[in-house]
Amino acid sequence: MNKTKLIKIIFVIGVWILLSTFIINIYNENFEIVNYNNNSQSLKKIFQLNGDLKDEKLSIFLIPHSHCDSGWLQDYDWYYNHVVQYILSGIVNELNLDKEKKFNWVEIGGWVQNDEATATIDDVITQMTQGHQWLKDTLNYTIEYAWQIDPFGYSSSTPTIFSSMGIKGLIINRVSDDVKSYMKSAKEMEFIWKGSESLGEQSQMLVSTLNVHYDYPKHIDPKKDFSLEERVKGFTKYIKDLSNTRESSILMIPLGDDFRYSNAKNEFSVSKEWLKVIQDNKEKYNIKEIKYATIDEYFIALEDEFMNKLGKTVEENLKTGFSSTLSLYNKDFFPYSTGDLEYWTGYYTTRPLLKRLIRESSLLQKSSDILYTLAIGENSNNQIDINNLQTLSNQLNENRNTIALVQHHDIVTGTSRSFVLNDNFQRLQKSRISNYNIISNSLEYLLNKDNNNNENTDSTNEPFNFENVIDLSNEINNQYSLVFHNTLGWEVNQHVSFRIKVNKNDNQLLESIQLVEAISNKTIQIQIIPIQDDSNCQSIENNYIVFAIINLPPLGLNTYYLSISSNEDSKPNTILSKPKLLKKGNEINFNNNRFKVEFESNGLISKITDKNSNEIKTIEQTFHQYSTKKSGPYIFNVKGGKKHGFLENPDKFIYHDGPLVSQLTMLYGVDDGCNVTSIVVQRIYKNNEIDNSNSKSLITENYIETGYSINGDMNRETTINYKVKDLENDDIFYTDNGLESRKRIYNHDRTVNQNYYPVLGYIKLKETSENNNHQYTVYVDRSVGATSPSDGEMEIMIHRTMDTDDWKGVNWPSKDIGRSDAKLYFNMDLVNNQLQNEKRISLHITNQPIMFVKKHNNQTGYLLKYSPLSNQLPSNIHLQSLLTLKNNTVGLRLFNIHEVDSNTQSTTDTDKSTLFNELEISNFIETGLSFLKLTKNNLIDKYSTRINKKFPVKCGESEYSFINEKPSSIIFSNNGTNNIIDGENKGENNKTIETIQIKPHEIKSFTFNFNFQLDQIIPNNNNYAINKELNNEYIEQSIENQRYEYDFSFFPIKPTFYDDRGKYNRPNHLALILSLSIGTPAGILIIVIALVVIYKKRKNRKTLTSSYSLLNLILKDRADSSP
């Protein structure tokens, strides 16, 4: 090898070594914390290189914090036992040793930091209330400023809810990269956020946005290997850049990250060194102060500066570059993106079964809270009963904590490791069983009024049980009491369904089943449909659905008797719907008082006639799947994938018809046994007893119900689509945020996944043509993602699973191949009608009656029907919460959903109503939304604001504004000695009157106490007759394990969780780069050497060949010349 070649090789190796060293330094984030000595010469050099940061002196608030997820890569208990307890103990020790140090914990004061796209407003309010109440009870502290820095986008309901809880300022973080870049350049990182146009300033709050993320700035991170000189230089550059992105001179800098400060002493010690250098040189940087601080201190300083500058002239503010107004933002921050291919829209749907179970468990919790509270109130004169019931209060609060826990932004989203989600699923199951027990006991204390009736207190009187399937086998001589609970403040008349099982397929036996309303002794119409006609399906053999129309009083209970009649003279009003096998789905139509529904040959909807308006619309209902290898638990990415048709050709059509229900069931993937891969159930509810010309349709008649049961298909993201032919909606559609509808615009410059938005209750389209004013709404039973990809089309994602990760933190694929049973509800109506009805329909769907069952022969002494309200609430006032807090204080929330005609709302009050029928209450006080003292933000109306029309988010504002509408007035009156605010206001018969006014889209909260009649309380002594006793642990785990999600379900609920602890074999980017840095030059070198060798071999071979040829010629010549 010559000298030149050797030099070249050495050069290549040297470049590789330098490159490798550089890469290692970039990627190494786990160096031990190192202390450095102060070097005055180096510091002088830093100050010479950096100029002044800003003309106006800066106040810098350093926010030490640790973002501790309650479940993500590890479960709740692991995080606490291995990390969190050490963070807390270390921090407390550091704060005790040095009063200058500060630390920020619990962030928003809630039980968790909730997600904002998939958690319902009821659940958000619950988790916030649980945290705020705990802080007040335990530490006597009330949250005023919040730190909501990790949800993946922000809902417009947040400023509305938070401001109603007394929160005045909010720090946010995960705003789309392009939006945040604009906010920085326009100096709009601080702004006023308005949550609702109808509430105006009442829903506004001051918001500050983090520049990058909630972690340490790079150069001052104690885990990063920088010298003191580099730390100071990097920090000063950081604050210079930071100060140029906002109007104010008040800067907030986070010092922390996920689960930081497990060694609090070391973290503070590193920060102490560079902080001292900055503090000693404040004047050189125009720094007024720099210190450890809390969020409260930062916002108070920020507010003071804004108030001070708003009092100055424009000329004075121009000298400091300060605009005299703050930007007013009235939209939301969805979808969240971190790049063109990274739109975080997949988690809107990820883990659909878990999302459904969370919502279902939340409704059960609401029922438990209401019934327990009413049981306490109704037994206020019996000390023994009160004492017994109060033993359930700890269980009740723990169950609320579980509901609060699963609202975390990595649980309800489905973006945790699978074993973590399984842990939360088990917690939900435990809370459900506990709530079954609480409801059972509360029902006993509410309905069993004859305490002296031994027959109702002995062992033969079974408790109220949760029965997912009522087993009527061998029950000819017995009957069941079915008690339905209505959690709504309105009277309910609607269809309900429940499952039964008999011991044989006996039509005569089935037709002998009867349902009787207990209070009227009236036999009511029922319709029975078999769930499966195949006798090979033993798990659901002889399982049937029973349909009925029931009446429930507001917030009340009604009892129905279910039995098999053995009396030949008795004539049950029962219809057994026999199955009819169809060759095609278009052989039949559905009809009820509201709609006529026609189907395609594959059984999916093709045309709907609205009988109220005689409007006929072609509706194309289809299922589709996106195939992709780029998506993950967070991100939905269609790049490189295709959209395919799905569930296009059923194997079997089964039709059932009757007086209450028409149902078409389609089975897919049918084998010789009972297994099917997918099920679709089309259903319409009917009530042939009413005269449509004079009576309103039942609320269940106002939609066409589509049920489906599908498995997760690998690397598929499944949607259901409704396309209304000839509908022009100009790319505008609407989704609800739980409080109100928000306007969305489909951007055709972006891909479909970039146009997805979260849906909590419904998605809808409205016709924009002058000749038509119809609205088309699809209601959902859980949180989903949805969009409108073309005129007249609504696309809803219903399931997704993949064997790839999106590398946004979970570091494991979301392999959810489990079955999801769900329902969607399609409605078409006039826009004005839906203005009155859409929210009520959504609330009815999400607040279905809850049924409990008691098997016994004697109902003596039991109330058969019960309601605590003297009248139902006005049609636009929703009773959102009724629950018992500590010390028997009761919390009440009322929500004005504004579902009334806007033309009449401004001129008339809603119905006047007393609150409770017989229960006496006192200390009726209006509170904040988390039941703490009501506080008003006295600064919010003093800010001068402007709307920036250039802001890059172009949709997400309120659909309607009712800011000028008259509030609804509700008059609550109560007998006796009430101590209500404005207690002097007395009406007839010495009743205390309280008038409450609630604005459209406003939630108002109150606390009160039941009046315990101490002079009437029965003492706890042996002279008292047998008391009702608490029934404990009567629900077996197996019952919950064998629960069916819906009446049509073939398969019990079975989530597919798996053990994904540890590291996933993801692509190692560091190794990849190192291998490229080594492999590329080495590969080139090898190729060059190989080419040289080949060249030399060929050259030698050519030379040798030439020599042989020459030799042959010589030999030939010699041969020719020889004699």
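The backbone N, Cα and C atoms fix where each Cβ goes, and this holds for glycine too.
Of the residues proposed, HIS409, HIS485, HIS495, HIS624, the one Swiss-Prot records at the same Zn(2+) site as HIS67, ASP69, ASP150 is HIS409. Among the recorded positions ASN140, ASP150, ASN521, ASN675, ASN887, the ones whose Cα sits within 10 Å of the Cα of HIS67 (Zn(2+) binding site) are ASP150.
Of all the binding-site residues listed here (HIS67, HIS409), it is HIS67 whose C-beta has the fewest other C-beta atoms within 10 angstroms. Note: the Cα of ASN675 (N-linked glycosylation site) and the Cα of HIS409 (Zn(2+) binding site) are spaced 36 Å from each other.
Take the Cα of ASP69 (Zn(2+) binding site) and measure to each of the recorded positions ASN140, ASP150, ASN521, ASN887: the nearest one is ASP150. The CA atom of ASP150 (active site, nucleophile) is located 8 Å away from the CA atom of HIS409 (Zn(2+) binding site). When secondary structure is read from DSSP and collapsed to three states, ASN887 (N-linked glycosylation site) falls in the helix class. Put simply, ASN887 is the one of the recorded positions ASN140, HIS409, ASN887 whose Cα lies nearest to the Cα of ASN521 (N-linked glycosylation site). Counting Cβ atoms from all protein chains shown, ASN521 (N-linked glycosylation site) has 9 others lying within 10 Å of its own Cβ.
When Cβ atoms from all protein chains are considered, those within 10 Å of ASN675 (N-linked glycosylation site) total 13, not counting its own. Taking the centroid of the Cβ atoms of HIS67, ASP69, ASP150, HIS409 as the Zn(2+) site, the other same-chain residues with Cβ within 8 Å of it are TRP72, GLN113, ILE149, PRO151, ASP258, HIS408, ASP410.
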